[in-house]
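Per Swiss-Prot, these features apply:
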BINDING   Cys75, His78, Cys146  Zn(2+) binding site
Amino acid sequence: MHSVMETLFSQLIQEIGEDVSREGLVDTPKRAASAFRFLNSGYHQSLDHVLNNAVFEADSEDMVIVKDIELYSLCEHHLLPFIGKCHVGYLPQGKVIGLSKIARIVEMYARRLQIQERLTKQIADAIQTAVNPRGVAVVVEAKHLCMMMRGVEKQNSVMTTSSMLGLFRKQSSTRAEFLDLIGRK
């Protein structure tokens with residue numbers, strides 16, 4: 001028995017002129033459906049689930065940064081991947097997040113149909129909601145296959161987006177320190 005998604009992938013393969021019963025394609029609808037579910041698994045997660053009580057009391061007020069978090073997502077316009085990295089910083093105000101949870105927050109929002117601008121803001125808003133810090137900074141740098149494989153076909157372009165909340169938005173020196181520490185000036 002095929003899932004609706006498997007049937008749709010089978011129809012898609014046939015629509016482009018391929019024979020879905022060909023040896024190399026027989027199991028492709030099943031594999032593609034499984035991959036698509038995985039790539040969009042973020043819809044079935046919540047911030048509370050991802051945090052899993054890993055928010056801790058802490059006296060630290062110094063900047064916390066996790067940089068070079070690898071990410072991939074699907075562009076909501078063409079369903080093609082964009083691949084890059086995310087840098088997250090925040091200024092604690094009595095609470096910190098378990099280190100791995102920051103990467104999991106990035107992953108939760110990246111595993112949805114996205115535009116990079118929204119992804120960046122969702123990550124920042126989630127950190128803000130999780131620990132109510134004095135500020136949050138998120139920078140995402142990514143290559144978009146929708147721009148590399150089709151359309152203008154530019155292979156080396158990188159899109160950079162940022163979301164700055166609290167002191168990162170209000171204080172240029174705080175923002176500059178973050179950008180310097182992640183290697184962006």
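Heads up, the Cβ atoms here are built off N, Cα and C, so glycines get one too.
Cβ neighbours of Cys146 (Zn(2+) binding site) (same chain, under 8 Å, six or more residues apart in sequence): Cys75, His77, His78, Leu80, Phe82. Residues Leu74, Glu76, His77, Leu79, Leu80, Phe82, His144, Leu145, Met147, Arg150 surround the recorded Zn(2+) site, their Cβ atoms falling within 8 Å of the Cβ centroid of Cys75, His78, Cys146, which are themselves excluded. Among the binding-site residues Cys75, His78, the residue whose Cβ has the fewest other Cβ atoms within 10 Å is His78.
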